[in-house]
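Worksheet: one structure, shown below.
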Amino acid sequence: MAVHHSLEVAAAGGDGGGGRCYDDDGHPARTGTMWTCVAHIITAVIGSGVLSLAWSVAKLGWVGGPACMACFALVTYVSAALLSDCYRRGDDDKGPRSRSYMDAVRAFLGKKHTWACGLLQYASLYGCGVAYTITTATSMRAILRSNCYHTHGHDAPCKYGGSYYMLMFGAAQLFLSFIPDFHDMAWLSVLAAVMSFSYSFIGLGLGLANTIANGTIKGSITGAPTRTPVQKDTLKAPPAENKTMKKASIISIVVTTFFYLCCGCFGYAAFGSDAPGNLLTGFGFYEPYWLIDFANACIILHLLGGYQVYSQPIYQFADRFFAERYPASRFVNDFHTVKLPLLPPCRVNLLRVCFRTVYVASTTAVALAFPYFNEVLALLGALNFWPLAIYFPVEMYFIQRHVPRWSPRWVVLQSFSVLCLLVSAFALVGSIQGLISQKLG
């Protein structure tokens, strides 16, 4: 969450009247609490990736699967704690705030690191657009297949291509990309939260129900056999924001880790080594078909809005970049009023039309070329895990806390960073190998 958007995680608020209260730095007053922060983190973290946890646990087994989730929960907390301490430069109570991840990198590490961070962030956001296109098309097909299996039986050849549905999703995103301030609509976050929890709890409930119906817990200690081993709200102060964020991180990580363990372990217990890559689209479950349809519809609605949330920072960056580079260009800066039948007049900028069209078309094209849900998720995670979640927070923390080289704390954190780098590199190699295997196989 902090990687993609901001170090500030709770809602900016007004004074409740016609005017607006402001902080000492001129920004709107911060009214968020630890509990609003916890709610935002949990909502942001629990997404469609939770449906592939049973498949992940199946690869590692009853020991390795839960142990890995616990280890990554610990790593996530360490990363969040380090990042929380970098919210202010200097004094934790009075130092200047960094209101975004890139602002913090710029303040602590300089311009070159900021460019590297920005490139990685935008690549991650772009990758999310590709993954959302794949996932939504998969859910669309899953609804059709679910109805087909219910009507014609589980052995019916219910096959549907994915290209058409990816193009449908791309067309919908192209339309949504031209809605002004789409990411600022309050209902978007509410809808995303409701949809995310709906399909996540349905997947969890179906895994539990299937385990009870089986009368046995499937799976093994070592997991599935393989041929090779690689197969926006702001926090009010006081108390100091970093202290509130650390408490919120602990609570949210405990809650999400427990939820992840339940989803992954119940799914593995239900299907063992045959756990599908996605509990709701891989057809480990056939009935009740209407509930599976509803869950997949929730995924589609969640990702329709989620794509826009992750795309808006790229759109805004492009708008600023070209406006600053070509201040006299009418193509870049002029707006034209367009009136369509049955719709109110709208202002159109030619640069925005062209850039957003190319952006949506490119994410759709990449998804069409690599329509592999689990492999794409693995590649995105491997690419961004170490630099954004580990390297930058560790390096900023050294500067913020004036940690001397070769001190015990410096050695421990550097060792932690190197270990995470090795894990990330290993995962990257495995995800690329998996992606190539899927493409060629």
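Just so it is clear, glycine is given a Cβ too, placed from its N, Cα and C backbone atoms.
Model, not experiment: these values are computed from the prediction.
The domain 'Amino acid transporter transmembrane' annotation in TrEMBL covers 30-204, 232-436. According to TrEMBL, the transmembrane segment annotation covers 37-57, 63-84, 162-179, 185-209, 250-269, 289-310, 379-399, 411-436.
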Within-chain partners of the transmembrane segment (63-84) [C-beta distance under 8 Å, separation at least 6 from its ends]: 2, 7, 53, 56-57, 101, 104, 221-223, 241-242, 245-246, 249-250, 253-254, 256-257, 260-261, 264-265, 268, 389-390, 393-394, 396-397, 413, 416, 420
Tertiary contacts of the transmembrane segment (185-209) (same chain, 6+ residues out, Cβ under 8 Å): 43, 46-48, 50-51, 54, 259, 262-263, 266-267, 269-270, 279-280, 285, 291-292, 294-296, 298-299, 301-302, 305-306, 308-309
Within-chain partners of the transmembrane segment (162-179) [C-beta distance under 8 Å, separation at least 6 from its ends]: 129, 132-134, 136-138, 140-141, 304, 307-308, 311, 315, 346, 348, 352-353, 356-357, 359-361, 363-364, 367-368, 371
